[in-house]
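A.B. asks: Taken from TrEMBL, the feature repeat 'PPR' covers 126-160, 227-261, 293-327, 394-428, 495-530, 769-799, 801-835, 836-871. Among the features that TrEMBL reports, transmembrane segment is placed at 1044-1063.
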Amino acid sequence: MLPRVRFKPIRRRTNSSIFIHQSKYSTNPLLEDRKTQSPLQELDFHCYLRDICSRECKKIQSRQVIDQMPERLKLSLKTAKAVHSQSFKIGLSAHCNLENSILDLYAKCGNVGYAEKVFLHLQVRDESAWNSIMNMNSRKGSFKDVVDYFLSMRCSGVIGDQFSFAMVLSACAKLMNLELGEQLHCVVMKMGLEAGNYCQGALIDMYVKCGCLEFATRIFDGAVNPDRVSWTAMISGFSQAGLTTKAIEIFEKMQEFGHIPDNVVSVTILSACVGQGRLEDACRLFSQMPEPSSIAWNVMISGHVKGGFEAKAIEFFKNMVKSGIEPTRSTLGSVFCAIAAVANHKYGLQVHSWAIKKGLDTNVYAGSSLLNMYAKCQRMEAAKAVFDGLEEKNDVLWNALLGGYAQNGHAREVLELFVNMKVMGFQPDEYTYTSVLSACACLQNIDIGRQVHTIIIKNEIGANLFVQNALVDMYAKCGALFNARKLFERIRNRDNVSWNAIIVGYVQEDDEKEAFFMFRRMMIEGNIAPDEVSLASIVGATASLQDLCKGRQVHCFLVKYGLENGRYAGSSLIDMYCKCGVVEDATLVFSHLPEKSVVGMNALISGHAQSSLHAAVNIFKNMSCYGLKPSEVTFATLLESCSGEPNLNFGKQIHCSIIKLGLSYSDEFLAVSLLGMYMSAHRNNDAINLFSELRHPKSTVLWTVLISGNAQNDCGEEALLWYQEMRAHNALPDQATFASVLRACSILASLQDGSKIHSLVFRIGYDKDELTGSALLDMYAKCGDMESSSQVFNEMISRKDVISWNSMIVGYAKNGYAESALEIFDEMRRLNVKPDEVTFLGVLTACSHAGKVSEGRVFYEEMIVRYGIKPRVDHCACMVDLFGRWGFLGEAESFINNMGFEPDSMIWATYLSSCRLHGDDVRGRHAAEKLIELDPQNSSPYVLLSSIHAASGNWDGVNRVREKMIEKGVKKFAGSRSDYTGMLVKKPNLREMEKKRKLVAPDGITRTLGIKNVSRSGLKVDIVQRRNFVQHLVPTLTLTLEHLVSYICLCCVLFHMYALNLLKNQ
């Protein structure tokens, strides 16, 4: 039995009979056994079979192959087989028209095998048969076969009609065969078919796709009434060639001629406008479309996202949903990218919920877009939840999650995911290794970076440009610039990222000279125009050097390349001008920015805060005038400028503003800034209260800030207690934490606690870190254990920075090992390590302790002339101490008068102590008077002046000093002492002081007196400490003559013994 066939009533007139068949869904009686039916003429039956074929062909609208066909197409194929079979039974298989109809039906059903068999068995192949077989091959994409069939047709003597030529010209267009197309054009012209719409449209399309717009334009201009195919071909051709203006002209002319553009033409012209960045033209044309399709909406949304108008893209998406057009996965991908750019987390959640309802969130494309959106919104917990909720995971999703963690600075999570990815059996690619290397750069863990580099070499993907750039960036950020430069030189096709990585590396390592060299080399050798990143980095280098001249030159480069209005370039210029002290130019740069951003405003606030907090506050208040809302960075910048007790009230006001905006405890960055502000103002209790209100679990950074703040405020015991509390909460300390704890041990001079921390640092593996190593050096030095300090220093083979060298020099100097300190300084210069202010402070201290006056002069001049270091107050105090300690009081006075700035209380106190030491009454009175002018309520100058008068036997002077103290209301509290080193006032216990005086004396004195077995953690004080030690013996209760004489005598004995010891050692 044949399948049931739907057909309309068919009327055929034969002789005088009319046969009408009206069965809607019944087996056609004409296709059953002819013996049981009424007799029919052969022509009637043939016409009926052709009618079935024709109607079934009209139903076919799909070009899919047989195994993917819809039910309608499968039924049509069954009908074709049934008709074909029945035609054989009744002997009509050789009828030409019927065979062509069956061939056409097979061709449109996509059954290539049956169609070709029918075509090969045709006795007579006319134009219809050839067209059917060519059309079938064209639909399945076999354009070469179309050409072959056309040539065979011509060889068989069949000329072909306009449909034949149209199909073969379309095949030439697909094959980009311009030569054959031109030959066919000649044949078409000879046959007079050029004026036909089919051939005309095919010729235009062929020339357009072969890139010959000139010939296509000639044919199009010569057309009397071009059809829609010709218009579409011309618009598409000019659009693909980038001639958007011409494409728009043709599109508008098409409408003038009365042709209504279909979706294909509209989408083509929209894509052309969007591709050329002509979003205004695209919006105008889009508004003229009566019913835009989903593809047109997608073009507009994706175009605005690529053009940087993300807010407009979101608006298009909202209008698309309102108009009733169902968004696709492609739409959601673009929308999620737009939401990620504007970081609108709340709207992203809404769209995500809508996608879940529609079931559009389950595929890889939507999943990766969601991951990217949550990553850009800094919601990695939500991104991880999306990733875990996807049943099928592939390399794209893994890379999206790894990239998100890397962008947000979660370096440890990146490494953990990388390990899990390999365990799950996924093969990392170049994008995976790029994220992993970025994590290594963020952690500055060069050891793991080298391991990843080894894996990359084994997997033979080291030649990939993305991987090479990531390797250069990793080595540069880890401080291994030699390795970074070596890899950089091996890159053959360097791009902007390659140059930027090496330039930024040199800038971060404060090697501005090499950074400028690489920038010039990029301009000369690279043949690459600098982008915003490279120029912003060079601007940062000029800001570090405070070189205004070079900064202006780079500014000219930015203007030349049209990058001065970029977000990063603009903020870098503002920062550069502020650091160079030209705040007016920074304000001018900001005022000329076309779009005022929070980044630029933050840079301006930071620049003004360096000189005037009031100006920074005014800029902060004016943010609302530009329609800008302060970010976390804005508040952090202001809080940083509010450091110190004088600005505490304003800092509290900022804290209130942060609470009003709901940012106080939700953002760790702000919490760190607030804790730092309170700690810098010595408000430890306020900082602790804030810390207790923060949510649990608290991060390592928060614990570290609290510990570091206590250590900086000289609250060593509290710092150690908070460290123990941190460990009790299972928070893992990092390098900064250990550095702060070691600082607390240094304050307490607790060698035992410091050694325990050192053991833990060694077990964790942080002993190779520069920050921790420098803290260990400083701790051992301040605890007097120079042997352990030297051992730590020697183990720092390739990681010795200027801080490490300074720790050793200052440590040796303060512990009385002046020669060792100077030897370390000579070694430092031999290794071309550039000394800084702290280095020379230690060197001058060593010279002062060792009595190397001439060497001290040379080092001081070298500091100024050779290294360009401007002397600070503490440097000058060291020089005054150097001259005064060894009897050069006249030179010390001359040095004070020629310093170039007014001496402060520290310098006058140092000079006064030297005058007292050498009994210079005249100079001592002058120094005391200057010191009293600067600090009239401090009792120390009066006591020192009294000591000078008493030593010279000027008891009237002693009485005058006492009367002056009474007159000004200055009181000397019992057992207290004030110094001028910026430290807190200490109140030593007199009994403990006397015990220390008897049992523990300075090094030189202990050796002179023959004291042995002094503990390494005992009191190893330097000459300054010896001076303070003697100052403790100054009478503090009453200024009676007996006290003065006894203590002065004791001071003289101690210094006499120390001088003998020095002569013996020399």
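Glycine residues also receive a Cβ, built from the backbone N, Cα and C atoms like all the rest.
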A.B. asks: Counting by DSSP, what is the helix, strand and coil composition of the repeat 'PPR' (126-160)?
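C.D. replies: Going through the repeat 'PPR' (126-160) residue by residue, I get 26 helix, 0 strand, 9 coil.
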A.B. asks: Restricting to the repeat 'PPR' (769-799), what is the model's mean pLDDT?
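C.D. replies: A mean pLDDT of 84 is what the model gives the repeat 'PPR' (769-799).
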A.B. asks: Based on DSSP, tally up the residues of the repeat 'PPR' (495-530) by helix, strand and coil.
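C.D. replies: Breakdown, helix to coil: 26 helix, 0 strand, 10 coil.
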A.B. asks: Hey, which bits of the same chain come close to the repeat 'PPR' (769-799), Cβ under 8 Å, at least six residues off its ends?
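C.D. replies: For the repeat 'PPR' (769-799), the sequence-distant neighbours (Cβ-Cβ under 8 Å, at least 6 residues beyond its ends) are 735-736, 738-739, 742-743, 745-746, 749-751, 754-755, 758, 761, 807-808, 810-812, 814-815, 817, 820, 1016-1020.
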A.B. asks: Below 8 angstroms Cβ to Cβ, which residues of this chain, lying six or more residues outside the repeat 'PPR' (394-428), approach it?
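C.D. replies: Contacts of the repeat 'PPR' (394-428) (Cβ under 8 Å, skipping residues fewer than 6 from its ends): 364, 367-368, 371-372, 374-376, 378, 380, 383-384, 387, 434-436, 438-440, 442-443, 448, 459.
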A.B. asks: What is the three-state DSSP composition of the repeat 'PPR' (836-871), stated as helix, strand and coil residue counts?
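C.D. replies: Summed by class, the stretch gives 27 helix, 0 strand, 9 coil.
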